[in-house]
Amino acid sequence: MTRALLAGLLGWALLACSGTAMAAPSGEQLESDARQRLSVHPDDEAARFDLARALSWQQRWDEAQPIYDELLARAPDNTDYLLGMAQVWRGRGQPRAALPLLGRARALAPAYQDVWRAEISALLETGDPALRDQARTLRERARHAFAQSGWLFPALDKPAAEVALGRLARAGLTGARRTVVELSGSHDALNGGRGDWQVVQLALEQHLGERRLVYGSVEHGRRFGLRDDFAQLGGLVPLAPLTTLQIEGAFSPTHRVRPSNRLLVQLQHALPRGWEIGAGARIARYDSGSSYQANMGSNTIGASNGLATRCSWERPRARVRPSRTACNGPTTAPTATGWA
């Protein structure tokens with residue numbers, strides 16, 4: 001049913017942007033060509049790079065990663081190799097591991113726009129509110145540096161209701177009973193034969209009263225030449241006068257780039273003098289493994305500034321990697337403990 005709804009509501013947008021993507025070679029074609037070249041010239045580094053790219057496009061991360069390791073051992077400052085390895089980590093559901101590679105690539109090649117786009121996307125994929133703010137700042141820098149290019153990121157361009165704790169704020173409006181419908185789309189042009197990124201999304205919010213909200217969305221996208229459908233459904237409900245619970249589930253019937261399923265649970269409690277505390281957990285399952293994240297923190301929101309501290313843990317597969325982030329001082333927007 002999700003796919004039928006996508007086809008009916010979003011087909012017109014896909015027709016408008018499908019021409020460019022069709023021009024890019026498929027992962028299978030590129031893989032076949034690269035292997036043929038390597039059979040003649042085993043030391044052909046360009047062919048080996050094409051093979052790594054082709055495997056990544058097909059989500060064969062375990063095969064692509066050792067090739068990128070070998071390429072980076074030979075040329076650690078090659079920005080294409082750094083970007084490629086970062087995309088492997090993103091594809092495996094570990095965007096934090098991609099960030100040092102992307103930061104280094106951007107420092108080496110500040111005019112490489114694909115690196116900027118990948119770094120912004122990876123920051124958003126972590127689900128960390130502090131890194132989301134970094135993504136917004138980086139996007140503004142990119143807009144100034146590359147004014148001729150489009151820098152649309154639905155996760156940044158959506159209204160606050162599309163962000164987890166933005167929903168909490170809007171649901172808290174007393175007596176608010178309304179329906180919000182939003183149709184959005186983005187098109188990112190990538191070079192190097194990677195295939196353009198196109199995403200079209202239809203979102204719906206139904207406000208049922210004070211701190212009561214049901215929301216959902218369906219999305220159709222194309223990344224690295226791979227089509228993906230994605231749907232999510234969630235809601236907010238008050239557990240007590242000052243405590244709100246958010247539950248969100250999502251799934252992808254195709255899960256070529258998106259997780260096959262994802263579950264988020266978030267609890268927020270209001271304290272005196274404008275303080276709030278919150279805690280939550282999220283699990284996402286990919287073909288290559290699972291990603292587990294926990295987030296907890298506190299914040300206070302004034303008219304135009306905020307103070308926040310947060311601590312998060314990420315567990316990609318069997319490894320646990322703790323991290324702490326803190327924000328002290330004025331900010332341009334309220335901060336909170338949640339995921340985009």
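Positions of Cβ are set from backbone N, Cα and C atoms, glycine also.
For 181-293, the entry in TrEMBL reads domain 'YaiO beta-barrel'. Across the domain 'YaiO beta-barrel' (181-293), the model assigns an average pLDDT of 83.
Marked as signal peptide by TrEMBL: 1-23.
According to DSSP, the secondary structure content of the domain 'YaiO beta-barrel' (181-293) in residues is 3 helix, 84 strand, 26 coil.
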